[in-house]
Structures are given as structure tokens and as C-alpha cells.
Amino acid sequence: MAVKSARRVKPSQQRSSKASNIKLLKSPKVAFAFALLLCDAVLVALIIAYVPYTKIDWDAYMSQVSGFLDGERDYSNLKGDTGPLVYPAGFLYFYSAFQYVTGGEVYPAQILFGVLYIINLGIILFIYGKTDVVPWWAMSLLCLSKRMHSIFVLRLFNDCLAMMLLHASLVSLLHQRWHLGLIIFSGAVSVKMNVLLYAPPLLLLMLRAMNIGGVISALSGAALVQILLGIPFILSHPFAYISRAFNLGRVFIHFWSVNFKFVPEPIFVSKAFAISLLIAHLGLLTAFAHYRWCMQEGGLFKFLYSRLDPIKFELALTSSFSLKKSYNSHSSIKVLSKEYIVTTMFVGNFIGILCARSLHYQFYSWYFHSLPYLLWKTPFPTLLRVMLFIGVEFCWNVYPSSLYSSALLLCLHLVILVGLWSAPPEYPYVDNKALTEDKDK
């Protein structure tokens, strides 16, 4: 009935959508966003033309891709200058395409990554425009990072591609396209595993937006992407593929740590330190979920009980593999607001960043584009928000990182986390009228 009703009002929805789009195009924030894209495109071109390229991983990527294209399917034999291949199979497919387009040469690759940088920035500006949390002038902070420009066009790290796909999946979630969003999300995971830091908040959002059948269907689609991408390696050398591509126990080199350089190396590499950070990570996620993200239901556990009620679970499970039913099953469930979706995803990822044992310089891309949003979600005055942003950027530009820069970065992260905790919890849903207008945007 809900679907039929939505269809009956489709002409009015289209008129509302056109009016909304015209209003959006006339917004000064949109004009400012386009100006930022243009100015940053010019800046990226100048950086590529005049700033020397830094050789780090690109040659290793090309060596690993060449082995794959030559027919090697044993992950333990796919290696480069910087070591063995440690990324899932999607990385090989994407970088095989990059090699085909660029011929494996650095300069064309820089141009390609410059395009990826602008596309990613455009996606982020779109997300910021949809949520309307950050004032128009503060969006310029997204274009002022020396480190981010370096990561994209001077280092050519695969983190750039993974985060662009992650942000694209977030756009799908903002438009309530959960199955598509999960497929793109899985594609991002197949490039680099850091995207899994978004998985806990994403699962919570899915439980809100769909019934259990819809959640199972969406997760099955994401799992299918991983299986299809990994089939050549799973069929030939499954252990080598799974142990290398999905290794969650790697210990990074203490020297390159940007966040915990002040921790003595014997402690840094110890299992006790890793377990402590994992406990802190899970504890903070649980606390935010219980007292912030699920506050309207009386906490995380009451929310989970309401969604995972045994009777509801049994009924939903019987239809979980009917794609049409599972896709539309959330029509009877309230739709999540865009701000709630973005806040939950960004905060969940930031908690993972805070508790990561080692952040290398390219890992800044994992959360940089969410920083202005997170800062403007805190109750801090504007001057303090800007100072915190500058402080974080400063720490990421200290090379090599020092005891003091890493300690300062941790303190700044903790201040931001306290600010996010102090912010009032958001109401997660939009009303029916807003939903009707939003579906065709």
C-alpha cells in the first residue's frame, strides 16, 4: 500500500523535486562549492606540473599488477619493491585499469589521481551540501591541506581510491539506496581494508533503515562482490589469498607512526597494547551507540531487541532472499535523516582512527574530509574549531613525526571526541512529508 501511495503522488513529487533542485542551484553554497572545485583543480594542476613526485608505492603497485596480469594467482608470489601484496582483489582490478590507462607511467598517473581528487572533493561537497551542517565558508578548509594534495597527486596511494568509493557509497545511503550503497562499500573494502572502520555504524544504520530481511539481503550482496572479485585466487590458492588480503593482525613499523610515536616501541608492538586499543575501540563504539545513536529507543540494547525480536526475525528470514521484498521491506520503516546518517558514519570512523595503533601519513585520507563536519557538530566556538583543524593539519605535516607531534595529535583527537560526546543527540528520522519530497531528489 505504501508503494502504491508513493506512485500516486509521483507527479507532485517531480514538481517538488524540480523546485528543490532549482532552489539548490541558486544557493550561494552551491556556487561557492563550484568555485572551490575550480580553484582546487587549478591548484592540483600546478602541483603536478611543478612539485616533484615522491616515489613510494606506485612502482610496487605496478609490479604486483604485472604479476597478476601475467597469470600469477598465488597471493604469496605477488610482490613489489615495498613488499608483498596485502590488499584484496579489487585493488588488482582497479590498478590493472590504471596501468592500462597510464601505461604504468608516473606523470599520466598523477593526472588520473588529480581527476580522482577533484571527483572525491565534489562528492564530499555534495554530502556537505545535503547535510547543511558546515557553513559555506568553512568548506574551504577541505581544499587547504598540503598533506591531502600530496597523498593524492604526489604519492598515488590506493587509500585515495578506497575513500572516494566510500564517499560514493555514502551518497547512495543518503538517498536511501542501501543495496547499492553496500555494493559500492564492498568495492571500497576490496581496495583497502581500512574502510571496515565504517562497518559498525553502517550496520546500525541498516538495522534502522530496513528489516532483518533487507539487512541480510544487502549484506549478501556485499559479500557476493568480495567472492566474485576473489574467485580467481580463492579457487587456486585460497589460504594465501585470505591470509594476505584480509590480515587484520599486521604490525606496522613504529618509526612511521603519526599518532603513537610517543609510545615506546616494545609497548607499541606488543599484543597487550593492541588488545587495549581494541577494547577501547569497542567500548567507545558501544558508548556512542547506547547514549547517542540509539538514545530515542532507550539505548543500544533495547534498540537491538526491538529489531532482532525472535518472531520478527523468523518472519523476515523466510523472505530475506526475495530481492524485491527485501529491497522494499523498509518502506514501512521510518527513513533516516541525512544528517543522522553522515554523523553516525563519520563519528564511528573517527573512533576507529582514534584507537588505531598506527596511522601512517597516507592514512590521513581516512578521515580528513570528515574533519570540518565533525568539528561543526561539536558545541565548540568557531575559533576553537578552526584552531583544532589547523592543529591536526600541523601534526600530519610534521615529518618525521616526533614524540611531541604524535602526543599533540592524540590530545587533539580526544578533544574532538569529547566535543562530539557533548553534542546533543540527533533525532534519527525524517517525517513522511520530507520523505515524499526527498525520494526523487
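Note: Cβ is positioned from N, Cα and C throughout, glycine not excepted.
Feature annotations, reproduced from TrEMBL:
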type     : residues : note
TRANSMEM : 30-53    : transmembrane segment
TRANSMEM : 109-128  : transmembrane segment
TRANSMEM : 148-166  : transmembrane segment
TRANSMEM : 178-199  : transmembrane segment
TRANSMEM : 205-229  : transmembrane segment
TRANSMEM : 272-293  : transmembrane segment
TRANSMEM : 340-359  : transmembrane segment
TRANSMEM : 379-396  : transmembrane segment
TRANSMEM : 403-423  : transmembrane segment
May I ask whether the transmembrane segment (178-199) has at least three C-beta pairs under 8 Å with the transmembrane segment (30-53), counting pairs 6 or more apart in sequence?
no
Listed stretch, out of 109-128, 205-229, 379-396, 403-423, that has the most CB pairs under 8 angstroms to the transmembrane segment (340-359):
403-423
Are there residues at least 6 beyond the ends of the transmembrane segment (403-423) whose Cβ is under 8 Å from a Cβ of it, and what are they?
257-262, 284, 288, 292, 347, 350-351, 353-354, 374-375, 377-380, 388, 391-392, 394-396
Using a Cβ-Cβ cut-off of under 8 Å, list the residues of the same chain that are 6+ residues beyond the ends of the transmembrane segment (379-396) and lie near it.
138, 141, 144-147, 258, 361, 364, 371-372, 405-406, 408-409, 412-413, 415-416, 419, 422-423
Beyond the flanks of the transmembrane segment (109-128) by 6 or more, those residues with Cβ under 8 Å of it:
33, 36-37, 40-41, 44-45, 48, 53, 58, 98, 101-102, 134, 139, 142-143, 149, 152-154, 156, 160-161, 163-164, 167-168, 170-171, 174, 342, 369, 372-373
Take the transmembrane segment (148-166) and find every residue of the same chain, 6 or more past its ends, with a Cβ under 8 Å from one of its Cβ atoms.
43-44, 47-48, 51-54, 56-58, 61, 87, 91, 94-95, 106, 109-110, 113-114, 116-117, 119-120, 123, 184-185, 187-189, 191-192, 194-195, 198, 361-366, 368-369
